[in-house]
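So the structure is just underneath, and the comments pick up after that.
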Amino acid sequence: MAEGQSPENSPPAPPPPSPPSPPSSNDQQTTSPPPSDNQETTSPPPPSSPDIAPPPQQQQESPPPPLPENSSDGSSSSSPPPPSDSSSQSQSPPPPSTSPPQQSDNNGNKGNNNENNKGNDGSSGDGGNKNMSHTPPPPSKTSDHSSHSQPRSLAPPTSNSGSNSSSNDGLNIGAVIGLVAAAGILFIVMILLCVCCFRKKKKKSKLDQMPYYGSNAYPAGKTGGDQYYNQNAATQQQQHYNQNDHIVNLPPPPGSMGTNWVSSPPPPPPGNWQPMPSPPAPVSGGANVIQSGEMSSNFSSGPYAPSLPPPHPSVALGFNNSTFTYEELASATQGFSKDRLLGQGGFGYVHKGILPNGKEIAVKSLKAGSGQGEREFQAEVEIISRVHHRHLVSLVGYCSNAGGQRLLVYEFLPNDTLEFHLHGKSGTVMDWPTRLKIALGSAKGLAYLHEDCHPKIIHRDIKASNILLDHNFEAKVADFGLAKLSQDNNTHVSTRVMGTFGYLAPEYASSGKLTEKSDVFSFGVMLLELITGRGPVDLSGDMEDSLVDWARPLCMRVAQDGEYGELVDPFLEHQYEPYEMARMVACAAAAVRHSGRRRPKMSQIVRTLEGDASLDDLDDGVKPKQSSSGGEGSSDYEMGTYGAEMRKFRKVTLESRDYGASSEYGATSEYGLDPSSSSSEEMHIGGSTSKTTTTNRGI
């Protein structure tokens, strides 16, 4: 223990024991301390590493105390290193005095071991200083180097092991952090995907309820009118079609044949249910086109957003379930009262109705007893189930029962028809931007029917009174009662001629060959109405001139000199963009070409109206020649030909009606309470004036 305490007072103690040897040993040891210091300086890294690592090394060096015996037995160079190391360390107290912190850092046990080794080395060193006076230095150096090389060799592994462990820990921590971060990112991505899917489903449900409009004013739900509109949505989904105000000849609710409505036993509705003779009775079973003109888009239903109790439990999602009872529709229209009458025609009447949930609808009642009406009812429902477009009027539901009652329920459009604003008594002049918007919207709806539906759909009755307007004056094509399906591989469909005078394509009126170009011609006539403000026929001249015959040379003149004065509606007062007017005039002139092959597609007209195509694209390689009168000169067309053909066709149809060849011929009152005469022939029957759209509807 005295020796254990001597390290603190080690500087004075060493000189007395062996004055001669210390110098030599010290000299030799003095040379050794620097390396030892250097070795120690290299050894600090182990201490810097975990403090536990160095002690085991010292403890591993402490067990070799038997090594001194080996050193005493022989002065082998291999054995001395441990004792010499211990001796060098035992004789290095003075240097340790300068570096006690290092040894204190290494542990107190090391100093104690050095002191114990010092005593052993002292006894052995005293006996062998003379003999080993010169030899020890080399061994001591070698021993020092070897001894220190061992710790050096040991130290790096410990430091490496520490660094490896620390690096492993770092890698483990980094891996854990990476996994956590990846899991967090994956979780966030999954949440975002769920949110997106939810929004898409929500939007889809809204679109399903009101497929044509992005804004559905009615909350989706199964309460109140929501079920009703879900029916509509499902109806439109299954129908994939915006149901237009389609007039389908099907036995109307109460009425048998004839114009008078027979009071229907079923309806106990609120208003007095009376026969419908009140509306002006159409002439002998006339093929009057009932245009549910006010079929409103979903936009028009905005004010009725609050949901109310459903109209009837039978009203549920899906077209098959979007059926109404006759009592429900009679109640919605106040017993089909005259106050709710929107229009009448050869196939029945159109009334405005309000469902219990506040939704406004247009109810078309079809007359009973007509096989043609039944077929057209089925055709309209079939076609409506195939289409889905925001510029086509949508069908809400229908009523069909064993009593022969056939009713179609459409969305209600508040702004009536294009005909009403152009030729009716609206009291306002439609400005040019609105006219252009209506032309473009109806062109898109018609292009969808021709080019996006398979098989394609030919409307057969495009006219101003079948273009319905929502509260934003967005156009909706209506009335698919005459529409025909045409396979893509069919060049044309041979069918009975149906339509309205002034809009019929010449090849269709003369031969009954129906193609999508027949609709293009009718659309061209409607464009001329928007441009000129005139009707399709000139009633003042007893149909001597049609709008097509009158406007064609003016359109050609506009193309030459750019003068619109005679052609453009004077009520516009030059408030229009010349380049927009030029595009519409070019589209109209190309659409009413006498030859169907030379007319453009509806998609070409859409692009031209939007300004995405040049006017030359409408010609599609066709360069019309100029006649001396300024009209289009071609081998199959001469001035006045269209009007002459229409007069001939009218005569044939009127004669067939007079002889009773078809019960479907007759007078028509265009949609609306104040129908105009633009697309109808003025006829005086029994002292009363009614308008006839001589639609040839064969049995």
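Counting begins at 1 with the first residue displayed.
Yeah, the Cβs are placed from backbone N, Cα and C, and that goes for glycine too.
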Swiss-Prot annotation (region 'Disordered') - matching range among 280-321, 658-699: 658-699
Annotated residue, N-linked glycosylation site, per Swiss-Prot; candidates Asn70, Asn489: Asn70
All-chain count of other Cβ atoms within 10 Å of Gly348 (ATP binding site): 34
Fewest other C-beta atoms within 10 angstroms, as judged across Gln344, Ser465, which are the recorded positions: Gln344
For Val350 (ATP binding site): DSSP state (helix, strand, coil): strand
Secondary structure of Ser465 (phosphoserine) (DSSP, helix/strand/coil): helix
Predicted model, mean pLDDT over the topological domain 'Extracellular' (1-172): 45
Most Cβ neighbours inside 10 Å, all chains, among the binding-site residues Leu342, Val350: Val350
